[in-house]
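Scroll down for the structure; my scribbles are underneath it.
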Amino acid sequence: MRMATPSSAPSVRNTEKRKNKKASSKASVSFGAPSPLSSESEDEINYMTPPEQEAQPGALAALHAEGPLAGLPVTRSDARVLIFNEWEERKKSDPWLRLDMSDKAIFRRYPHLRPKEDRPDAPSHAEDAMDAKEPVIGSILEQDDHKFYHYSVYIGGGLVMGVNNPSAAVCQATIDVEKLHLWWRPVWEPRHPLDSAELRKCVGMTVPYVATTVNCYQVCCWIVGIKDTWLKRAKISRDLPFYSPVQDWNVDPQEPFIPSKLRMVSDGILVALSAVIGRPIKNLLASVKPLNILNIVLSCDWTFSGIVNALILLAELFDIFWTPPDVTNWMISIFGEWQAEGPFDLALDVVPTLLGGIGMAFGLTSETIGRKLASTNSALKAAQEMGKFAIEVFKQIMAWIWPSEDPVPALLSNMEQAIIKNECQLENQLTAMLRDRNAGAEFLRSLDEEEQEVRKIAAKCGNSATTGTTNALLARISMARAAFEKARAEQTSRVRPVVIMVSGRPGIGKTCFCQNLAKRIAASLGDETSVGIIPRADVDHWDAYKGARVVLWDDFGMDNVVKDALRLQMLADTCPVTLNCDRIENKGKMFDSQVIIITTNQQTPVPLDYVNLEAVCRRIDFLVYAESPVVDDARARAPGDVNAVKAAMRPDYSHINFILAPQGGFDRQGNTPYGKGVTKIIGATALCARAVALVHERHDDFGLQNKVYDFDAGKITAFKAMAADAGIPWYKMAAIGCKAMGCTCVEEAMHLLKDYEVAPCQVIYNGATYNVSCIKGAPMVEKVKEPELPKTLVNCVRRIKEARLRCYCRMAADVITSILQAAGTAFSIYHQIEKRSRPSFYWDRGYTYRDGPGSFDIFEDDDDGWYHSEGKKGKNKKGRGRPGVFRTRGLTDEEYDEFKKRRESRGGKYSIDDYLADREREEELLERDEEEAIFGDGFGLKATRRSRKAERAKLGLVSGGDIRARKPIDWNVVGPSWADDDRQVDYGEKINFEAPVSIWSRVVQFGTGWGFWVSGHVFITAKHVAPPKGTEIFGRKPGDFTVTSSGDFLKYYFTSAVRPDIPAMVLENGCQEGVVASVLVKRASGEMLALAVRMGSQAAIKIGSAVVHGQTGMLLTGSNAKAQDLGTIPGDCGCPYVYKKGNTWVVIGVHVAATRSGNTVIAATHGEPTLEALEFQGPPMLPRPSGTYAGLPIADYGDAPPLSTKTMFWRTSPEKLPPGAWEPAYLGSKDERVDGPSLQQVMRDQLKPYSEPRGLLPPQEILDAVCDAIENRLENTLEPQKPWTFKKACESLDKNTSSGYPYHKQKSKDWTGSAFIGDLGDQATHANNMYEMGKSMRPIYTAALKDELVKPDKIYGKIKKRLLWGSDLGTMIRAARAFGPFCDALKETCIFNPIRVGMSMNEDGPFIFARHANFRYHMDADYTRWDSTQQRAILKRAGDIMVRLSPEPDLARVVMDDLLAPSLLDVGDYKIVVEEGLPSGCPCTTQLNSLAHWILTLCAMVEVTRVDPDIVMQESEFSFYGDDEVVSTNLELDMVKYTMALRRYGLLPTRADKEEGPLERRQTLQGISFLRRAIVGDQFGWYGRLDRASIDRQLLWTKGPNHQNPFETLPGHAQRPSQLMALLGEAAMHGEKYYRTVASRVSKEAAQSGIEMVVPRHRSVLRWVRFGTMDAETPQERSAVFVNEDE
């Protein structure tokens, strides 16, 4: 005999039952199902395993070796094994396939196993049957079923398959198999018999069934793969007569089923309904074209509805309305697989949504329904308990009368199936389990579970019949486990574990750190508890070893360092290691941990004279030296004091400094056996990330199989998976997929992927297996497995799935188009009826007419000279009435200056409205004087517009403009008449001023009074009850919140939510007079009082010696509130004032004072922050203005100088500018190039984005992790800096810029070369003293507009000019002293850190770009309005990093808080408060901006990829310079989600070419732009070249003194030769041709300007720019002759 080995699969074996015998010669007793492994009866001989098989434990099924039964199973158990094997293999391609291991299936598959007494005798019915030959398998049979014909597919053995029993004429039917029992005849036969097994795969599938279209014949066509329909039936041939179902090959057919009359009536109704939606009726309507006939009768009126009607009629005329294009194929392409199973699946998705909508419509929620069902639930539980009791009693009675069968044999049968599955898995997947640690562990775990279950059964049933079976099962489990362990012990290689050795002095916390590190690494590998230990010293027993992923080896070398080194060499190797164990069950245990963490006190891993020093050092992947100066200092100060040492240690191990030696190193200095390397500072997070990455890298290198893509199972799904793994974008994937549909072989399909990198993989196509890959544009295809035996019927199941989905899509499209067609038809008919029935008015016509003499046209203007049209009044797009204080009515800059002079002369009590009235009055007087001078006194005065309007109103005349302003329905009553209003007022209704509980919980005790939580971040209170400055509040330090005040109103803003349990409320600046609000008074005794207050006006009230600003109110509790205990008392200050505005509760202020009677109260309201830090000098200030400026609140009058109307740009030649050339920005209303608004209006347009709402913050946990990772990165790379002195801070400032507020002078005027003198000297000294004392100073910024070259669209189109912020000199000095050292440290590391401030494009650029080129993907983004979209919360997180890394953190914290507090910006007329956006103008602004850019980009990448920030930074390279960026990464980023994340943060990212849409990523660095330079590469490296447009602009324009006419020319100056030389260097990078063009223009300019300069050759300039030399000795191969040619 030969053996067959099935593959593995989970299954549950059905309990085997014996057939009932008609006659039995011998009585037998059975205790259930016979044992699968042994038999005690002759009747069950078919279940026995032959004796010769018991000696072969590896055999799973016995087959006949010779004779007529060769290759067939010996027993039924063997047959089950073979059936299981076949099912396991076919299940991979057909997951829906069911496992049938019953006796019926066995006898049908293997008839020789059927007992003789069970085989039918096949009675003869020759007298009733007309003999017919058995049809060919796969034939379509037409059967006479009374009123109609029924079709099915013959599959052999007298069985037919198809939709034999549909439940209704329109339903979801199931493909089934039944006996042939109707008169039949074959109407279609295949050329060759089809595979019956392949046909049977369709059994059990569901298909849509419609009696008139998708019926039994259509399903038969789907099964056999022919193209035909029931309406055509072109493939049917009716040459043969009908035959009787009783034949020799069809025994005992069943009686035909005759449906009832009710069933026939219901089927008729369903058929009629389906015919309405079906296409025949629509085709008939399309041929008649009823809408086209209607369109001939009626015409279009060219209204909106008429146009819609015309489009409908045109659609009908061109046959696209009633028969729209078939979109079934397009809908099918959306689905990756044909998996739609029918309306049931659709109902699972749609029904919950519909039920939810119905519940919402009726106001039902889960809470209300839960309350209603609570009582029902309790009653059901009681009834359930009673029912359980009754069932138990009933079971006992039934068991006494009819004993049940023993369930143990069924359990044993199930266990045998599971063991067969494991044995098959061991046989077929052994190599994969040995290579994959998780698969091997899962296999052993399943064996342990099965062994436990078998032992439970053996302990429960101790009879002899069960004991033999359980023992045999246990033996098979032990053999499987032993076979796996033996195979694992015989491996020739394994994954080498990662070794981390931490060396340092004792007692500094190394062991605790390593334990924590082990847990973190284990958690990163997927099992946090998988941490073990290695026995040390003389203990050499590994019984406690459980195969943990991470093991800890403490005190390496404590006893015998040479012995420990030998053990380390053995464990940290790829050769398998068998451990020494004492217990017999642990014999043969292997060491398979992935990470080994070692602690030691030695300075070197092993002695330097050790013979295998190099081998040991090579096996240590991370040699880390731990130092703790803090612990050493504590021990030195307090020897023997354990508490002092513990106090010096930190739970985050920040007291330990870790230094990473180079790989293979053996000491602290970085020496290796091959020379000296570089040591690095590393953190715990980075060490953990590197170790985990190395583990995964080695595991991937140790992998066994490539990915497999099965195109036979599903072409679309396999292609999508293959393209996604190759990194092909979705839009390119769709284009390649369309081309691949026409490919006939794998070679053609791989040729389409030649432009992409396809890793080696396997492809299954048409039964054959191919090894394919595409590396560096070379596709490779190798056939490794030929297809199996050819079959005439291929993938019939797939065809049915495809046809079924196509049918569903067609049905859905038919229903939708039927609804649209009905709606369109109704609309067209209604439109025509409504058009003919509505009345016609003369004003409906689009033309004017006159009836005769004296008639007038009401549509024409009455421009007859005696009146002027007033235009529309009321609110329009430009506002209501006359413009306010911030709309200058088109005033020029001179008129605006005149208005300011008049305001100053009148003491500030002069508005723009007054100025406009005075100007109009003066113009009228001037006109009158001129006319008197010309015509004399006798000439009548000319009527002004205002006088003419007054005269018309007096006479009762109406102008044409008034007539046109009227609406046609002015005389119609809108809404119901007042007489029909039946509403009534309930004068007895009681008004409840009590606030809900959720608002009362916001009132908390604070300081000496109370406070109120507006949101989780904002807390308000009265200023005089708050604790002193610098006090910790609600557990938060002063650095975690900002404080602003307005009078006695105090507001705290916390950076992180203190009360996340409460939603945000609306905080308003007081309310309108007459509003009734509630003051929520809380007392320490627990009393809560809600007092109604009618709010009055805003006022300043003197209470004692203090003046309180707020809103007054009158209590509605009576004349003497305090006497009745219904008023406020001392201690109630800080309680909130709230009122309900619509359905929303609003808080308007806090309680600060009350009169003695208690009837009048005062609420401090939320105004703008006071300017208490400002030191105003000079005469008394004017009353502080109120209102807003460009949406931003006004704080005070401004002092900034007027905006400049001059430019520093001059033309280099008088030639005309080329089209599209850039020009200096707009210069104001005097600009001769264009007639535009004032510069103040341009500035207001630039300020508006600062008042817009901000975006959302990144998730808190992601933001915290990103900030920690960035801080760790900077802390490990930046060198410690020394604080700057006052002199160095002054020297670092640019002396050619303005000093800002309050002097606004150039800094060089008061600079002696070493110090500031005069006014600026006093200001700088005062700021330096405030810094050194750690006191706060509020920065005051000055707004200006940048003078720069811009696109013509920003001058002649929509005028734009960039906004500049200039800080005062004091803020510059304080910021330079606080953050100057940090900025210098960043500049020194600009090549290694992502912040590139301070980089040189020609010197540092090649190194930076080379780092980017090491990664796979590259992207750059251009951000719109970067500064105005920034959030102060993100800037504060960036500022916290700068503060912690500055040399003086305590003093730097004060400066950073001042910089990030609400900014005070001087715009000339006013000082405004800006609470959001980036405040610029300080020495550290660029670094702060770049750091915030780094945080936002990293947060977006972490949120999209869900990868730890340290790993993201390890797999990526960033370059940030303000808002400019370049990002390179190896991670697979979803660019749509990445772009949406950035927009969710409030940013406005666009592509580099300013196109809208998701950001694009490239697989090459070529073409990425950074700092206006395109990154290109050649054989010598990467470099950045300036774009040609910038080079051309520098040839057209030069800088000089300010002037008004930008087109004036300036002769050559002293700096121009160096500028032109640098320009030649930039042009040399674009190739010799472009260099010659620029060189000729430079020579021409030099000749015209009298500049003496020599233009070098292109090659010399290129050497100078690229390699820093112009010598002729430069090697010829480095000249890059053919590299930089023009594109």
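Any Cβ shown, glycine's included, is placed from N, Cα and C.
The region 'Interaction with host MAP1LC3A/LC3' feature in Swiss-Prot is assigned to 1-116.
Annotation source Swiss-Prot lists site 'Critical for determining viral persistence' at Asp94.
The annotation region 'Interaction with NTPase' is assigned in Swiss-Prot to 117-341.
Here Swiss-Prot flags 595-700 as region 'Important for mitochondrion targeting'.
The region 'Acidic' annotation in Swiss-Prot covers 893-898 and rests on experimental evidence. Note: the region 'Acidic' (893-898) comprises 6 helix, 0 strand, 0 coil (DSSP; helix = H, G, I, strand = E, B).
The active site, for 3CLpro activity annotation in Swiss-Prot covers His1024 (among others) and is backed by sequence analysis. For His1024 (active site, for 3CLpro activity), the Cβ neighbour count at a 10 Å cut-off comes to 17, with all displayed protein chains included.
Around the Cβ of Asp1048 (active site, for 3CLpro activity), a 10 Å sphere holds 26 further Cβ atoms from the protein chains shown. Residues or ranges marked as active site, for 3CLpro activity in Swiss-Prot (evidence: an author's statement): Asp1048 (among others).
Sequence-distant neighbours of Cys1133 (active site, for 3CLpro activity) (same chain, 6+ apart, CB under 8 A from its CB) are Thr1008, Gly1009, Trp1010, Ala1022, His1024, Val1025, Val1150, His1151, Val1152, Ala1153. Here Swiss-Prot flags Cys1133 (among others) as active site, for 3CLpro activity.
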Report task. Could you give me the DSSP helix, strand and coil counts for the region 'Important for mitochondrion targeting' (595-700)? Result -> 40 helix, 22 strand, 44 coil
Report task. Summarise the model's confidence over the region 'Acidic' (893-898) as a mean pLDDT value. Result -> 76
**Report entry** DSSP-derived class (H/G/I helix, E/B strand, else coil) of Asp1048 (active site, for 3CLpro activity)
**Finding:** coil
